[in-house]
Every structure is written in structure tokens, then in C-alpha cells.
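Here the structure comes first, spelled out in C-alpha cells, and everything after it is commentary.
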Amino acid sequence: MAVVAPRTLLLLLSGTLALTRTWAGSHSMRYFYTTMSRPGRGEPRFISVGYVDDTQFVRFDSDDASPREEPRAPWMEREGPEYWDRNTQIYKAQAQTDRVDLETLRGYYNQSEGGSHTIQRMYGCEVGPDGRFLRGYLQDAYDGKDYITLNEDLRSWTAADMAAQITQRKWEAAREAERLRAYMEGTCVEWLRRHLENGKETLQRTDPPKTHMTHHPVSDHEATLRCWALGFYPAEITLTWQRDGEDQTQDTELVETRPGGDGTFQKWAAVVVPSGKEQRYTCHVQHEGLPKPLTLRWEPSSQPTIPIVGIIAGLVLLGAVITGAVVAAMMWRKKSSGRKGGSYSQAASSDSAQGSDVSLTA
């Protein structure tokens, strides 16, 4: 079985959060597909994860002993066997479609048979505070690079290269944008509203961040101040550094928001400062769960060590998420992402259980 390097998976997963921000008061439902070929080691591995806002609610992995879509959120336990049966069949059909697409794309790019390749897809819809359709999106990627994207008008495509233009012409001839637009404005919105209602206790909560600062000597003359925010939900958060009240954006090292493994998120921002000048620097934290923004300043008497146990536990859980849900995480490393090949085929009717009836063929 082909193994994707952990660092690659971390990048994929963290990328999910970077560009899936919704407009204020809006909600989104997104699906992330990843298919990885492994020549000589069996069928490609197909993984799908679904998110409502920042919460994963379903998962499917073709490598499971008995591949079946599984719930990943409490409210999904309400769905009956018909829901899971139908969506499991959708995913199995998608896995076979992707297997063909991997061969097609390999031909488009004149690649040898021995290499491992990856197809990724992100698609979904977003509703405003009133529950009405706001926008839809679909992005495909091949081997980690943009391939083709459905434009915001949901009527036209942007192809990344000559190979993707072949797919674009096929999809235009088949009027796939029209079919996708109907799905996004109809089925997708209907199921998003249902999940928002059934999962409101989880999805409408706000967990404020637990914050602290750590100090790490770099040399005799410099030290790194790192501002931590842990255990917050939703994922949207702002960490900024100031020196004497002036923003230090250019000098700030900032990591993407990452899952903590327990339904909450983590993030840190760091600056390198002259030793002895730490008091001139402040970290400012803004989050929906805070009554007002927080301001942190390094106190020499405070403990300089990071709560390693908590961080490691989060990373271990993150690893579990990646191994099974991974993926998808795909792209959206700042609006990059999405891509794949071949042409669409309708894998299920518009009343499919979760509205994940977007599948492709080459």
C-alpha cells in the first residue's frame, strides 16, 4: 500500500482550513475527495470527508475492511440505514471513476506507469444567515497542482493548462456546469439546512481560545516569542503581533489554523525579538468566543515551557484524523486547490442522501 508522507498529509489537512472561510453569519457544507494510485499494490485508495462549517460529519475510506460511509458528528446518528447505504454506493462509484481518471490524466501528461499520482476535489455550497443560497464551488487538482475550477458564476470553467482544457471542452459539451449549479443551489442547500438544524448544538457553539505565550532563546542577542491559541471553535481566529503599538505583520511567522483532534482548533504566531526588548511586544487575539480581544505580553516570571502534553495529544489525534480523513484536506491552501480529470458522470440522483452526487469519469 502506498504511503503518503505525514508532512504532506499535514499540509493537506491544514490547507483545508486556510481557505474555507465563510462570510460573516454564513454556513457551508463541503466535501473533500482524495484518490491516490499505488502501482503494483492494488486499487487506488479513495478517501472522502464531509464538513459542515468547521466540523467533520462524515467519512469514507476505501481501505477500510468493509468500506462504508461513517458518521463523524453526533447528530448524524439520526440518519437511517438508507442514508448510509446510498452514500456508500456513491463513494464506491466515485472510487471507480477516479481509478479511470488517474489513467486518463497520466496519458494527458505523458507520464510513466510506475509512478504514484493523486487526484483531489473540493466542492460544496454556502448559505447566508437567512438560509438562502450564497455561492457554490468546485475545484479539482492533480498531483497537488490546480487542474480545473468551476468559476463563481457557476456557468464557466478555468483550466490550469492544456491538459485541463481537454477536460473543460468535454464538460462544456456535456453542460456539466449546468448540472452542478442545479445540485449546489438545490440538493446541497437542502442538506446543509438539515445538518444545521440537526447539529445546531455543535455547530452554533463558540469555544473561546485558551491563550499563553512562550519564550525561546535563539542566540545571545535574540529570542522567539510565540503566541498560542488552543481549544477554540469555530476555526476563524486572528493573531497579530505589535511592537510599541505598531503591527509587525511582515516579521510574523504564522501557521495555518489546525485541528486539535477534539473538534476544536489550534494556532500560533511568532516573532523574533531582541533579547531584553520583549516587553515592547504584544500579541492580540480576536475570536468569536471572546467578549473582547485579548492582549498578551511576555512576563519573565511566567513559565517558558509549552504545554507539551496537550500539544502532543492534539497532534496524535490530528494524525488519526489525517490517516482516516485526511485528505481531502486538499488544497485550498489559500484558494489553490481542487483539481482532477476526465469528465463528469451522474453517480446518483439529485435526492441522494447527503447530496454528494458529484462524480467524474474520464
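The backbone N, Cα and C atoms fix where each Cβ goes, and this holds for glycine too.
Quantities reported herein were computed from a predicted structural model and do not represent experimental measurements.
Annotated disulfide bond per Swiss-Prot: Cys125-Cys188, Cys227-Cys283, in sequence order. What Swiss-Prot lists as N-linked glycosylation site is Asn110. Marked as region 'Alpha-2' by Swiss-Prot: 115-206. For 337-362, the entry in Swiss-Prot reads region 'Disordered'. Feature annotation from Swiss-Prot assigns transmembrane segment to 309-332; the stated evidence is sequence analysis.
Positions of Swiss-Prot features highlighted on the structure.
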{"residue": "Asn110", "record": "N-linked glycosylation site", "Cβ contacts under 8 Å, 6 or more apart": "none"}
{"residue": "Cys125", "record": "disulfide bond", "Cβ contacts under 8 Å, 6 or more apart": "Ser28, Met29, Phe133, Leu134, Arg135, Gly136, Tyr137, Met184, Glu185, Cys188, Val189, Leu192"}
{"residue": "Cys227", "record": "disulfide bond", "Cβ contacts under 8 Å, 6 or more apart": "Thr211, Met213, Leu239, Trp241, Trp268, Ala269, Ala270, Cys283, Val285, Leu296"}
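The DSSP secondary structure for Cys188 (disulfide bond) is helix. Per-residue pLDDT, averaged along the region 'Alpha-2' (115-206), amounts to 96 for this model.
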